[in-house]
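Now, the feature entries from TrEMBL:
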- A:104-335: domain 'ABC transmembrane type-2' (DOMAIN)
- A:21-39: transmembrane segment (TRANSMEM)
- A:145-167: transmembrane segment (TRANSMEM)
- A:188-208: transmembrane segment (TRANSMEM)
- A:214-247: transmembrane segment (TRANSMEM)
- A:254-274: transmembrane segment (TRANSMEM)
- A:314-332: transmembrane segment (TRANSMEM)
Amino acid sequence: MKTFNIIKRIIKQIFNDKRSLALILLVPLFIFTLIYFLLGDSDYTARIAEADMPAPLVDELKEQNVTVTSLTVDEGREQVKSGQADALLYKEDGTTHLLLETNDATKAGIVQKAVTSAMKELSPGSAMETEFIYGNSDDTLFNSLGYVMLGIVSFFIIFIIAGISFVRERTNQTMERLMMTPVRRWQVVLGYTLGFGFFAILQSIVLLTYDICVLGFAVAGSVITAGLITILLAMSAVCIGAFFSIFSNNEFQMMQFIPIVVIPQIFFSGIISLDTLPYHLGEAAKIFPVYYACDALKAVTIRGAGPEKILPDITALLVFILLFFVMNILALKKYRRI
Amino acid sequence: MQVCVSHVSKSFKKQQVLKDISLTIENNEIFGLIGPSGAGKTTLIRLIIGAVNADEGEIKIGNIKIPSLRALRDFGYMPQNDALYYDLSGYDNLMFFGGMYGIAKPELKKRAHEVLKLVDLEHDGGKKVSNYSGGMKKRLSLAVALLAEPGLLILDEPTVGIDPLLRRRIWEQFNRLKEQGKTIIVTTHVMDEAVMCDRLALIYNGGVLACDGVDALLARTPNHTIEELFFNNGAQA
């Protein structure tokens, strides 16, 4: 009941503060519109070669903004190498393979979007292997960029809003006053996490709806699973933001944590391939929640993975949330020993 | 409600803020803690409410040893800052803090209107606190402390930045609360405010210079002013 009271207060506070509300709900839409124009639908018509693919799929592909030529696998491979075609679609051992020359983000993005939407029409959830002639990354960097950004933007905004509102509670002593009411420490932390969690849910719904319905992003897997991942990530942002606010005496000191907490997460979110980093530096990504969220988002949105495939990522996110949740409860001892 | 402070000491990072303080605040009195800023008044208040732990000594509110979750129901606390949510209306602030005391909603609504009236804000309850003047914030902060009808009120500099007219009205309020049987602990560094208390403790340099009834204390000085108490006692100490 007291937890609910705190949740209600946070929701009221943010709705009364139109700027924060706009930061949560409108700014991501603005950023995604920008990304859309920077990386998205250019007028380029991709050339896709196909080898022995089922006729319905070829027809479906032709519906997309691409030219399709039918060749053998070897011919197709040659064409992709020489740059006559942007990609080759073929079947091997019952799996669909997509061969690309290199990971040129824009071209590959267009190809992948066309193939994903075509396949989704026919057999949703079917798997596809992506290969490169140059560069052996088995990761799909390009089209996933939008979803990586989904994770980063959501984390960043919620981290800032939750962190700063916690700092404000401390500087204007409302935290001390709150702790002098007969409330338990876990109720305060839970109220905070769920109160901002409400905005995390709202943000995920608005952002995903906008991305899919207005910008036309293709999601291979379940949209609901993708939404759940962003919500979990945002919840971890609340807990981490609240935690770092403990070490900030004012709003500006909270901003000083951005280069330490947020920017490294952008690098390790999957924008840059982690396998190629020296000294196993890529392993460092595993201490950041954004890494797990982006990994899961990519799996769901691009490879069409089901919930069972992303279970390890989900577990990692839950561990982060729980860890910082408990640390926040302990940190409140600063205000009251019991 | 009686408050018992016995042999309490507190240091922050090797700097001793309070040295062996013993005080007893009796039931149903207005008890003033006076002293210059930095003397340790706020630290003493925060020890009494249990926001910080004493290094040595013991504090009791009624029969309950501090810190205790149960004692939190027994007192209302007004911090030096306004400690209000500026993005909420005055009424919503009251509803929030009242909810934290677990007051049922119909009862809480009634109480919120009562305390708003008490501090003369009944027409401003719907306004956002960010639009309040300094005095209005102070009064709302007092209303929050009164909300749960505690037997003990602990007020840290409740009248700082308030004009003399309003200050007098707030003190009339304190006297009325005392008549209702409440105990009030109040800190101040305004000397003419101190004389309105029943008993005073003079806090200086982390210690208690003197603690007695106002009249008894004034009788000790040649010109019967509070300032002289510090000079006289300070010289002895």
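Each Cβ is built from the backbone N, Cα and C atoms, and glycine gets one as well.
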Intrachain residues whose Cβ lies under 8 Å of the transmembrane segment (A:21-39), provided they are six or more past its termini: 14-15, 105-106, 109, 142, 145-146, 149-150, 153-154, 157-158, 160-161, 199, 202-203, 206-207, 210-211, 215
Distal contacts, the transmembrane segment (A:214-247) - CB-CB under 8 A, six or more residues away: 32-33, 36, 40-41, 113, 116-117, 119-120, 124-125, 146-147, 150-151, 154-156, 158-164, 166-167, 170, 189, 192-193, 196-197, 199-201, 203-205, 207-208, 253-254, 257, 261, 289-290, 293, 296-297, 299-307, 310, 313-314, 317-318, 320-321, 324-325, 327-328, 331, 334
Contact set, same chain, for the transmembrane segment (A:314-332): CB under 8 Å, 6 or more residues outside the stretch: 179, 185-186, 188-190, 192-193, 229, 232-233, 235-236, 239-240, 242-243, 246, 286, 289, 292-293, 296, 307
